[in-house]
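Peer 1: Dropping the structure in here first, questions after.
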Amino acid sequence: MIRQGLVDIQTIDRTILVELKYSTTDNFVGKDVYGDLTRAYLQPMAAQKLAKASKLLQQKHPDFRLLVYDATRPRSVQWDLWNTLGHLPPNERGKYVSNPRNGSVHNYGCAVDLTLATQAGKPLDMGTEFDYFGELGHPDKELQLLKQGKLTQKQVENRRLLRSVMRTAGFSSLKTEWWHFNALSRAEAKKVYKIVE
């Protein structure tokens, strides 16, 4: 990945924690789909934005850290994820995993999946696990879910804090995944970067 111009985010900011979920069996696929890949890589511009978000977080909450679950994802792995959800219609699948034919922003090194954690690496309570496929993981449903008692005020506050530091640093968020942030849109990424196969 370094040969493609990507950078290891921990060389930009050592306080950012990394636990690549697709390098473990703790993911919706239930297997390690990354093999030897255990470091998180991003395009330099995206890594700088992430370092800015980390700094903003620590200014607000010195004991909190960003914990990265996924960053650049090869398109070959994107196919594995897409095919695992083959039981869903393509429009439903596309809410949670980008169609590899089009490429994901992850495939260009411009997206990151993450949460907030303590300095020791314990994730804060966000109401769902990473890669939760359902409305409980949707930021655009949080107020409704809070009123229904399906999310707590603290869980919503944790999500809002994550969105605040990421958006202030220049990322955009999705309405269906509280953990996913893009440094560029897919169209912008395609113009500037090559896809990681």
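In case you wondered, yes, glycine gets a Cβ from its N, Cα and C as well.
Quantities reported herein were computed from a predicted structural model and do not represent experimental measurements.
Got these off TrEMBL a minute ago, pasting:
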type	residues	note
ACT_SITE	E177	active site, proton donor/acceptor
BINDING	H106, D113, H180	Zn(2+) binding site
SITE	R73	site 'Transition state stabilizer'
Peer 1: Which of the recorded positions R73, H106, D113 has its Cα nearest to the Cα of the residue listed as 'active site, proton donor/acceptor'?
Peer 2: D113
Peer 1: Per DSSP, to which secondary structure element type does the residue listed as 'active site, proton donor/acceptor' belong, with helix, strand and coil as the options?
Peer 2: coil
Peer 1: Near E177 (active site, proton donor/acceptor), how many other Cβ atoms are within 10 Å of its Cβ?
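Peer 2: Taking all protein chains shown, E177 (active site, proton donor/acceptor) has 19 Cβ neighbours within 10 Å.
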Peer 1: How many other Cβ atoms sit within 10 Å of the Cβ of H180 (Zn(2+) binding site)?
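Peer 2: Result for H180 (Zn(2+) binding site): 25 other Cβ atoms within 10 Å.
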Peer 1: In whole Å, how far does the CA atom of H106 (Zn(2+) binding site) lie from that of R73 (site 'Transition state stabilizer')?
Peer 2: 5
Peer 1: Can you tell me how far the Cα of D113 (Zn(2+) binding site) sits from the Cα of R73 (site 'Transition state stabilizer'), in Å?
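Peer 2: Just about 11 Å between their Cα atoms.
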Peer 1: From the Cα of H180 (Zn(2+) binding site) across to the Cα of R73 (site 'Transition state stabilizer'), what is the distance in angstrom?
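Peer 2: If we compare the Cα positions of R73 (site 'Transition state stabilizer') and H180 (Zn(2+) binding site), the gap is 13 Å.
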